[in-house]
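A short worksheet on the structure shown next.
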Amino acid sequence: MSQQVIIFDTTLRDGEQALQASLSAKEKLQIALALERMGVDVMEVGFPVSSPGDFESVQTIARQVKNSRVCALARCVEKDIDVAAESLKVAEAFRIHTFIATSPMHIATKLRSTLDEVIERAIYMVKRARNYTDDVEFSCEDAGRTPIADLARVVEAAINAGATTINIPDTVGYTMPFEFAGIISGLYERVPNIDKAIISVHTHDDLGLAVGNSLAAVHAGARQVEGAMNGIGERAGNCSLEEVIMAIKVRKDILNVHTAINHQEIWRTSQLVSQICNMPIPANKAIVGSGAFAHSSGIHQDGVLKNRENYEIMTPESIGLNQIQLNLTSRSGRAAVKHRMDEMGYKESEYNLDNLYDAFLKLADKKGQVFDYDLEALAFIGKQQEEPEHFRLDYFSVQSGSNDIATAAVKLACGEEVKAEAANGNGPVDAVYQAINRITDYNVELVKYSLTAKGHGKDALGQVDIVANYNGRRFHGVGLATDIVESSAKAMVHVLNNIWRAAEVEKELQRKAQHNENNKETV
């Protein structure tokens, strides 16, 4: 049995289901490229049959990612598998992941079928997927509540049909680690052809046991772990990949396995996913939380100063968190900024140096010194705003006080035209948003607003993340500035541009569909 555990990331498929606003194709690609840098073996990037937008996103990622295997999800339905294959065919290497429920409850109440019919359908669909690729993963949905004898029958049939990976999900986060390990051991005992496939696990955190269950399964013989960065996902979330990866590294003495992950990219990838998905990481989150390497107890601090291993089982540097930070000033040149970005692990393709340096100078003039966390925030915002903008914040001014009604004046560039409006509101941010709504007539409804300090002290950058509702869809926006009202205004303008871009994408998809329809009629 191989001692390498395959890391299967589902941040962009299962993880995205937890988000209040769907990610754009550009945001998904940004995360996919970060996952590729981190070295995930397989990335599941969408459910192509669900929408034209998801199909396009999967296809875009499949075209760009070269070093990780790209995977798409498909139910045991002919159209699902055919559409998944179509979206993936541009990839260097791809996998089709198909699934069907196997527990008595799901078979009876959801599928209204029988186990024999489920097995027959699984065989047919695995064979269909094999027509497109020799890398087919089959999942037994709700395997955690499936009797082991039934599960063994399904697994044996799927392997005989050509499945190369068999995934055992604890779909509802129900099992305990010793139970889950028993399921894996039971399959090795009962399935005669099990050596012809890799056994995978996919766990959920409803009882807080997702990581524990995955590690117990690895100890019992599973050689693929599925999960999401930061543990994002439906309900209580998925297995946190960064936790499993570091547990395998730190406790190699017990597990005796390894991964192909570049551990130095863990922290940066985690931060990127948090920012793009607008899901802050709890301070006490294992591995990547801001408190993961903090020591407040005097006894602990003394022990760490004498020897870090007294209270640290891994170092911040082991996940790419460099604690030595260089500060730059307005006198620092472009070369110094580029050198620092290189030292932090950024490639030139990940940011626009001209735009970054311009933003750096403006910030340095305001706050004097610019630190690593400032540069990272500027690079992230710059990447988010690289796409063509229809709306641009030209000017804003607010007046408010303890006894005054907040008033805002806003100038907004809308294409080639600059429009201005003023409005009152319940505070300066609301006044700015009311003025912007008057200018655009979009009538955007604010659903969520959050403010995060990027840095330390009174001159820290403030990042505002908002989720807004427009025509039944939710859109995410982000803004960054030393002034909170300015950050808020930029976040709303980002939302407007995302709405505008979504409309443009929809027009393009309709144009392509009409073009294809016309070609069919011609034929």
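Cβ coordinates come from backbone N, Cα and C, glycine included.
Among the candidates N160, N230, N238, the residue that Swiss-Prot annotates alongside D14, H202, H204 as binding Mn(2+) is N238. Sorted by the number of other CB atoms within 10 A, the binding-site residues H202, H204 start with H204, the lowest. Apart from D14, H202, H204, N238, the Mn(2+) site neighbourhood in this chain, defined by C-beta within 8 angstroms of the site C-beta centre, holds T10, P169, T171, T203, A210, E226, G227, A228, G233, E234, G237, C239. Every protein chain considered, the tally of other Cβ atoms within 10 Å of the Cβ of D14 (Mn(2+) binding site) stands at 24. Mapped onto DSSP helix, strand and coil, the region 'Regulatory domain' (392-523) counts 52 helix, 59 strand, 21 coil.
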